[in-house]
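In what follows, a structure is listed as structure tokens, so that the remarks can point back to it.
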Amino acid sequence: MLALRCGPRLLGLLSGPRSAPLLLSTTRTCSDGGARGANSSSQNPLVYLDVGADGQPLGRVVLELKADVVPKTAENFRALCTGEKGFGYKGSTFHRVIPAFMCQAGDFTNHNGTGGKSIYGSRFPDENFTLKHVGPGVLSMANAGPNTNGSQFFICTIKTDWLDGKHVVFGHVKEGMDVVKKIESFGSKSGKTSKKIVITDCGQLS
């Protein structure tokens, strides 16, 4: 499941905040991007994920990738969104969703949290831990321990500062946090989703 450390099967993310532990645990596409905030760079890529649940559209999530801080990690995610390497996120699922924590996706090989791969090979090292898990909408890499980044990622729905220094933050939601909340509503304490949540399309906006 997630890369929040739990051994070789990418089962991490089973532990919640210290103060409140969890019980369970392609081409590029042009469209309107989100408004850029003061902490955004006009040079950073904007990508999108179109998401559905049991075949019904939920909407679009637009993400800014912080290429100005973590260029290698941002490029991995960007290319997996466009599918330009011949593989990527389109058709994969949000396989693990824990309300009041995070929504995890990116395993496009096994679809259960045990697979996925990066554009650099199976895994690549932690780039840096400059960006922090400061609140809802943070985009971060899942892993199975240090230097095991692949394609799995998660979007936080709360501040998750206990993950700082363990997971590489590389972006944030620019538009569509309401869609993230819809995804979150189909989750459970175990992470199992009540509906099949699929990335029906994805790509790059700018």
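Just so it is clear, glycine is given a Cβ too, placed from its N, Cα and C backbone atoms.
Copied from Swiss-Prot, the annotated features are:
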- 48-204: domain 'PPIase cyclophilin-type' (DOMAIN)
- K66: N6-acetyllysine (MOD_RES)
- K66: N6-succinyllysine (MOD_RES)
- K85: N6-succinyllysine (MOD_RES)
- K166: N6-acetyllysine (MOD_RES)
- K174: N6-succinyllysine (MOD_RES)
- K189: N6-succinyllysine (MOD_RES)
- C202: S-nitrosocysteine (MOD_RES)
- 1-29: transit peptide (TRANSIT)
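Features per Swiss-Prot, on structure.
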residue	record	CB count, 10 Å
K66	N6-acetyllysine	22
K85	N6-succinyllysine	13
K166	N6-acetyllysine	18
K174	N6-succinyllysine	22
K189	N6-succinyllysine	14
C202	S-nitrosocysteine	25
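Taking Cα separation as the measure, K166 (N6-acetyllysine) is nearest to K66 of the modified residues K66, K174, C202. The closest partner of K174 (N6-succinyllysine) among the modified residues, by CA position, is K66; the full candidate set was K66, K85, K189, C202. Cα of K66 (N6-acetyllysine) to Cα of C202 (S-nitrosocysteine): a span of 18 Å. DSSP classifies C202 (S-nitrosocysteine) as strand under the three-state reduction.
Separation of the C-alpha atoms of K85 (N6-succinyllysine) and K189 (N6-succinyllysine): 35 Å, rounded to the nearest whole number.
Separating the Cα atoms of K189 (N6-succinyllysine) and the residue listed as 'S-nitrosocysteine' is a whole-number distance of 28 Å.
Regional average pLDDT for the domain 'PPIase cyclophilin-type' (48-204) in the model is 98.
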